[in-house]
Amino acid sequence: MRALWIVAVLLVGVEGSLVEFETLMMKIAGRSGISYYSSYGCYCGAGGQGWPQDASDRCCFEHDCCYAKLTGCDPTTDVYTYRQEDGEIVCGEDDPCGTQICECDKAAAICFRNSMDTYDYKYLQFSPENCQGESQPC
(Lines of atoms letter the chains of each structure in order from A and count residues from 1; the text may use other names and numbers.)
(Lines give C-alpha, C1' and ligand atoms only; values in the text may rest on other atoms or scores of the structure.)
Protein backbone atom coordinates (compact mmCIF):
# COMPACT_ATOMS: atom_id res chain seq x y z
CA MET A 1 0.00 0.00 0.00
CA ARG A 2 2.87 2.35 0.80
CA ALA A 3 4.32 1.77 -2.69
CA LEU A 4 1.01 2.76 -4.30
CA TRP A 5 0.93 5.93 -2.24
CA ILE A 6 4.48 6.82 -3.35
CA VAL A 7 3.57 6.26 -7.01
CA ALA A 8 0.43 8.39 -6.58
CA VAL A 9 2.49 11.21 -5.08
CA LEU A 10 5.00 10.99 -7.94
CA LEU A 11 2.24 11.12 -10.54
CA VAL A 12 0.78 14.34 -9.14
CA GLY A 13 3.45 16.32 -11.01
CA VAL A 14 3.00 14.40 -14.25
CA GLU A 15 0.75 16.02 -16.82
CA GLY A 16 -1.35 14.86 -19.70
CA SER A 17 -1.46 11.48 -21.26
CA LEU A 18 1.50 10.15 -19.27
CA VAL A 19 -0.94 9.52 -16.45
CA GLU A 20 -3.41 7.85 -18.80
CA PHE A 21 -0.61 5.72 -20.28
CA GLU A 22 0.31 4.43 -16.82
CA THR A 23 -3.34 3.58 -16.17
CA LEU A 24 -3.63 1.79 -19.53
CA MET A 25 -0.46 -0.17 -18.76
CA MET A 26 -1.96 -1.41 -15.52
CA LYS A 27 -5.27 -2.35 -17.18
CA ILE A 28 -3.81 -4.03 -20.28
CA ALA A 29 -0.37 -5.30 -19.28
CA GLY A 30 -1.05 -5.69 -15.58
CA ARG A 31 2.17 -3.95 -14.58
CA SER A 32 3.45 -0.46 -14.03
CA GLY A 33 5.08 1.28 -16.95
CA ILE A 34 6.93 3.53 -14.52
CA SER A 35 8.43 0.68 -12.52
CA TYR A 36 9.26 -1.65 -15.39
CA TYR A 37 9.88 0.54 -18.43
CA SER A 38 10.83 4.10 -17.42
CA SER A 39 14.52 3.29 -17.89
CA TYR A 40 14.75 0.04 -19.82
CA GLY A 41 16.91 -0.82 -22.81
CA CYS A 42 17.71 1.80 -25.42
CA TYR A 43 14.21 3.19 -26.02
CA CYS A 44 12.15 2.99 -22.83
CA GLY A 45 12.36 6.32 -21.07
CA ALA A 46 13.70 9.63 -22.33
CA GLY A 47 15.37 9.68 -25.72
CA GLY A 48 16.41 6.61 -27.62
CA GLN A 49 19.03 5.56 -30.12
CA GLY A 50 20.76 2.47 -31.40
CA TRP A 51 18.85 -0.79 -31.81
CA PRO A 52 16.18 -2.14 -29.46
CA GLN A 53 17.69 -4.73 -27.11
CA ASP A 54 14.72 -7.13 -26.95
CA ALA A 55 11.00 -7.35 -27.67
CA SER A 56 10.11 -5.17 -24.67
CA ASP A 57 12.53 -2.45 -25.79
CA ARG A 58 11.09 -2.78 -29.32
CA CYS A 59 7.66 -1.92 -27.85
CA CYS A 60 9.15 1.37 -26.64
CA PHE A 61 10.78 1.96 -30.02
CA GLU A 62 7.46 1.41 -31.80
CA HIS A 63 5.70 3.64 -29.26
CA ASP A 64 8.23 6.42 -29.96
CA CYS A 65 7.63 5.95 -33.71
CA CYS A 66 3.88 6.13 -33.21
CA TYR A 67 4.24 9.40 -31.28
CA ALA A 68 6.61 10.76 -33.97
CA LYS A 69 3.90 10.31 -36.61
CA LEU A 70 1.46 12.53 -34.72
CA THR A 71 1.11 16.04 -36.11
CA GLY A 72 0.00 18.94 -33.99
CA CYS A 73 -0.28 16.76 -30.88
CA ASP A 74 1.79 16.68 -27.70
CA PRO A 75 1.70 13.23 -26.08
CA THR A 76 3.22 14.57 -22.86
CA THR A 77 0.50 17.14 -22.20
CA ASP A 78 -2.56 16.31 -24.32
CA VAL A 79 -5.10 14.30 -22.38
CA TYR A 80 -7.42 11.63 -23.71
CA THR A 81 -10.36 9.54 -22.67
CA TYR A 82 -11.08 5.85 -23.09
CA ARG A 83 -13.52 3.28 -21.82
CA GLN A 84 -13.65 -0.46 -21.40
CA GLU A 85 -16.20 -2.43 -23.40
CA ASP A 86 -16.33 -6.20 -23.01
CA GLY A 87 -12.78 -6.20 -21.66
CA GLU A 88 -11.42 -4.13 -24.56
CA ILE A 89 -10.06 -0.59 -24.34
CA VAL A 90 -11.89 1.80 -26.67
CA CYS A 91 -10.24 5.17 -27.18
CA GLY A 92 -12.53 8.19 -26.94
CA GLU A 93 -13.34 9.96 -30.16
CA ASP A 94 -14.00 13.42 -28.72
CA ASP A 95 -10.56 14.81 -29.66
CA PRO A 96 -8.50 13.78 -32.72
CA CYS A 97 -5.14 14.22 -30.95
CA GLY A 98 -6.33 12.43 -27.85
CA THR A 99 -7.64 9.53 -29.91
CA GLN A 100 -4.34 9.14 -31.77
CA ILE A 101 -2.28 9.33 -28.57
CA CYS A 102 -4.60 6.82 -26.90
CA GLU A 103 -4.21 4.42 -29.84
CA CYS A 104 -0.39 4.70 -29.59
CA ASP A 105 -0.51 4.04 -25.85
CA LYS A 106 -2.97 1.17 -26.25
CA ALA A 107 -0.78 -0.50 -28.90
CA ALA A 108 2.28 -0.13 -26.65
CA ALA A 109 0.49 -1.59 -23.62
CA ILE A 110 -0.66 -4.58 -25.72
CA CYS A 111 2.89 -4.98 -27.03
CA PHE A 112 4.28 -4.98 -23.47
CA ARG A 113 1.70 -7.55 -22.40
CA ASN A 114 2.61 -9.78 -25.33
CA SER A 115 6.36 -9.50 -24.71
CA MET A 116 6.47 -9.98 -20.94
CA ASP A 117 8.29 -13.29 -21.32
CA THR A 118 11.23 -11.49 -22.96
CA TYR A 119 11.62 -8.89 -20.20
CA ASP A 120 15.18 -9.09 -18.90
CA TYR A 121 16.23 -7.22 -15.76
CA LYS A 122 19.72 -6.73 -17.22
CA TYR A 123 18.18 -4.02 -19.43
CA LEU A 124 16.64 -2.15 -16.48
CA GLN A 125 18.70 1.00 -15.81
CA PHE A 126 20.59 0.16 -19.02
CA SER A 127 23.47 2.51 -19.70
CA PRO A 128 23.02 4.79 -22.73
CA GLU A 129 26.65 3.99 -23.56
CA ASN A 130 25.36 0.60 -24.73
CA CYS A 131 23.00 2.28 -27.20
CA GLN A 132 25.49 3.93 -29.52
CA GLY A 133 25.35 3.91 -33.26
CA GLU A 134 22.78 4.59 -35.88
CA SER A 135 19.16 4.29 -34.86
CA GLN A 136 16.81 1.93 -36.59
CA PRO A 137 14.36 3.84 -38.83
CA CYS A 138 10.68 3.83 -37.88
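Yeah, the Cβs are placed from backbone N, Cα and C, and that goes for glycine too.
Summarising the annotation, Swiss-Prot assigns signal peptide to 1-37.
Sequence-distant neighbours of Y43 (site 'Binds Val-18 of CBb') (same chain, 6+ residues apart, CB-CB distance under 8 A): P52, D57, R58, C60, F61, H63, D64. Per Swiss-Prot, the feature site 'Binds Val-18 of CBb' maps to Y43 (among others); the stated evidence is experimental evidence.
Sequence-distant neighbours of C44 (disulfide bond): residues of the same chain at least 6 apart with a C-beta under 8 Å from its C-beta are Y37, S38, S56, D57, C59, C60. Reduced to three states, the DSSP call for C44 (disulfide bond) is strand. Under the heading disulfide bond, Swiss-Prot lists C44-C60 (among others).
Swiss-Prot lists G45 (among others) with the feature site 'Binds Val-18 of CBb'. Other Cβ atoms within 10 Å of the Cβ of G45 (site 'Binds Val-18 of CBb') number 15 in total over all chains.
Among the features that Swiss-Prot reports, site 'Binds Asn-16 of CBb' is placed at G45, with the record citing experimental evidence.
Around Q49 (site 'Binds Arg-14 of CBb'), the C-beta neighbours below 8 angstroms that are at least 6 residues distant in the chain are C42, P128, C131, Q132, G133, S135. Swiss-Prot lists Q49 with the feature site 'Binds Arg-14 of CBb'.
Among the features that Swiss-Prot reports, pyrrolidone carboxylic acid is placed at Q84 (among others), with the record citing experimental evidence. The Cβ of Q84 (pyrrolidone carboxylic acid) has 10 other Cβ atoms within 10 Å, all protein chains considered.
Annotation for C102 (disulfide bond): spatial neighbours S17, E20, L24, Y80, T81, Y82, C91, G92, criterion Cβ-Cβ under 8 Å with sequence separation of six or more. As annotated by Swiss-Prot, disulfide bond applies to C91-C102 (among others).
Per Swiss-Prot, the feature site 'Binds Gly-31 of CBb' maps to E93; the stated evidence is experimental evidence. The Cβ of E93 (site 'Binds Gly-31 of CBb') has 10 neighbouring Cβ atoms from other residues within 10 Å, across all protein chains displayed.
The Cβ of D95 (site 'Binds Trp-61 of CA2, important for stability (Asp-89)') lies under 8 Å from the Cβ of D78, Y80, T81, each on the same chain and at least six residues away in sequence. Residues or ranges marked as site 'Binds Trp-61 of CA2, important for stability (Asp-89)' in Swiss-Prot: D95.
For D105 (site 'Binds Trp-30 of CA2, important for stability (Asp-99)'), applying a Cβ distance below 8 Å and a minimum sequence separation of six or more within one chain yields S17, E20, F21, L24, H63. The site 'Binds Trp-30 of CA2, important for stability (Asp-99)' annotation in Swiss-Prot covers D105.
For Q125 (pyrrolidone carboxylic acid), the same-chain residues that are 6 or more apart in sequence and have a Cβ closer than 8 Å to its Cβ are S39. Residues or ranges marked as pyrrolidone carboxylic acid in Swiss-Prot (evidence: experimental evidence): Q125 (among others).
On its own chain, C138 (disulfide bond) has D64, C65, A68, K69 as residues at least 6 apart in sequence with a Cβ closer than 8 Å to its own Cβ. Secondary structure at C138 (disulfide bond), as computed by DSSP, is coil. The disulfide bond annotation in Swiss-Prot covers C131-C138 (among others).
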